[in-house]
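Trainee: Summarising the annotation, TrEMBL assigns Zn(2+) binding site to Cys31, Cys226, His251, Glu255. Annotation source TrEMBL lists ATP binding site at Lys286. Annotation source TrEMBL lists domain 'Cysteinyl-tRNA synthetase class Ia DALR' at 370-436. What TrEMBL records for 33-43 is motif ''HIGH' region'. What TrEMBL records for 283-287 is motif ''KMSKS' region'.
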Amino acid sequence: MENKLTIYNTLSRKKELFEPLNPPFVGLYVCGPTVYGDAHLGHARPGITFDLLFRYLKYLGYRVRYVRNITDVGHLVNDEDDGEDKIAKKAKLEQLEPMEVVQLYTNRYHKNMEQLNTLPPSIEPHASGHIIEQQELIKTLIDKGYAYESEGNIYFDVERYSKKYHYGILSGRKIDELLVNTRQLSGQEEKRNSVDFALWKKATPEHIMRWPSPWGVGFPGWHLECSCMSQKYLGNTFDIHGGGLDLQFPHHECEIAQSTAAQGHPAVRYWMHNNMVTINGQKMGKSLGNFITLDQLFAGNNAVLEQAYSPMTVRFFILQAHYRSPLDFSNEALKAAEKGYERLMSAIVQLHKLKASNENTVDVKTLRDNCFNAMNDDLNTPILIAHLFDGVRMINSIAAGSEKIDAENLQTLTELFDSFVFDILGLKGETDSSASNQALGKVIDAMMNVRKAARANKDWATSDKIRDELKNAGIQIKDTKDGYEWELE
Ligand SMILES: [Zn+2]
């Protein structure tokens, strides 16, 4: 029963039984972040979706190699072949080395992903560390006639590719319409067709991220890195490629074209795409300027936030929606998620206190089947969570004495909750909840009022003692012109 996992394959547009190429091994590649800014709610979704998949596959006994890249070069500002490199632009704005920008935001991304309790990938390759592999793939594509050089740039010949293969196989776009409707960007007249995409770009004199190549000094195109790095670490054919729905076209379509043209067959067997996070129905994104960073969310530090939301509240919020459904941000939805998460956690505390009885009046086996069926149905976490809440009601009834559970069923129920809640959904207990933080704030306010009264009486000894005691407790007080601020060291 546990090994009946079906996943929705974007390529076939239907749910398919998941059968890895070389069981028990599974190769999973996911497009990672372009590291030029803080991670926002839109990054949390693929992070958590594919962490859920990684965790569940491991739970089912597979040995998963999970590769998630860091895009540190080649991703241009308007996601097309035109404009500045996103990293280089940020470096210029902040007067940093490009690799300083990359390191800074990679560190911050890792911190946020750890707060969300996502497991680190098995390999995290950087695009800039695979320039030679990317040049090799370009050479192969030129040799096979699918790429051409034009004024120091190398483009992929989409029309030529379409004569033999199906460009648009993933996204459903039609090549004839693309050929007619794609606008030629100014300065790109050297392309044979406007749909052709860059494999290598000539570096202009002011472009700081640059490498020598047989075609002159330049840098690789964005789509190329994922074809190279996925196949380098997972093989010419591998099981699952994931990413956000917004990457389906052109990014993933181009990846398919590159790999297929180079080796005569596609590389990926199952394509999985998570849906977007919206805010008031609009896609949340850095380019749209309507995003909420994860740090802001965890601190409650953004005008649209009515309070802080803990990392586990955010994780639970994301898991309450199916990964292929859109997820709309609202304070109401997050507050409901916070309540739901806390109810689940307190039920687990309750569960570990339950005593087995000689009788049994609850149906744990059906509950267990329901949980596996939900996960096996394309990772249907909202249904899984609904079943876990059936379990919560069961726990509460047993605790209240209106139902009874025997030792064997109690052990199954405990294992069920521990596996699904902690190992698979990846939730964990939080001591630093917003409620305890608020209580701490009140205690500090009370002590600071005593200190203020002491200072008014010129009682410096008491005033200093309060400051020192707070400091010993790890609470840093900073006097400001309006009063004070505190933070935990
Ligand atoms: Zn990618």
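Cβ from N, Cα, C; glycine included.
Automated prediction, rather than curation, is the source of TrEMBL annotations.
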Trainee: Helix, strand, coil residue numbers for the domain 'Cysteinyl-tRNA synthetase class Ia DALR' (370-436) per DSSP?
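Mentor: Reading the DSSP string over the domain 'Cysteinyl-tRNA synthetase class Ia DALR' (370-436) gives 48 helix, 1 strand, 18 coil.
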Trainee: I need the neighbours of the Zn(2+) site defined by Cys31, Cys226, His251, Glu255. Which other residues of that chain put their C-beta within 8 angstroms of the C-beta centroid, in sequence order?
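Mentor: Counting only non-site residues, the set is Trp222, His223, Glu225, Ser227, His241, Gly243, Leu247, His252, Cys254.
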Trainee: Enumerate same-chain residues with a sequence separation of six or more from Glu255 (Zn(2+) binding site) and a Cβ-Cβ distance below 8 A; give 'none' if the list is empty.
Mentor: His223, Cys226, Ser227, Ser230, His241, Ala267, Val268
Trainee: Roughly where does the domain 'Cysteinyl-tRNA synthetase class Ia DALR' (370-436) sit in mean pLDDT, to the nearest integer?
Mentor: 94
Trainee: What same-chain residues, at least 6 away in sequence, bring their CB to under 8 Å of the CB of Cys31 (Zn(2+) binding site)?
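Mentor: When sequence neighbours closer than 6 are ignored, Cys31 (Zn(2+) binding site) has Pro46, Arg68, Asn69, Thr71, Cys226, Gly242, Gly243, Gly244, Leu247, His251 within Cβ distance under 8 Å.
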Trainee: For the binding-site residues listed here, Cys226, His251, which shows the highest count of neighbouring CB atoms within 10 A?
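Mentor: Compared across Cys226, His251, the most Cβ atoms within 10 Å surround Cys226.
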Trainee: Check the DSSP secondary structure of Cys31 (Zn(2+) binding site), expressed as helix, strand or coil.
Mentor: coil
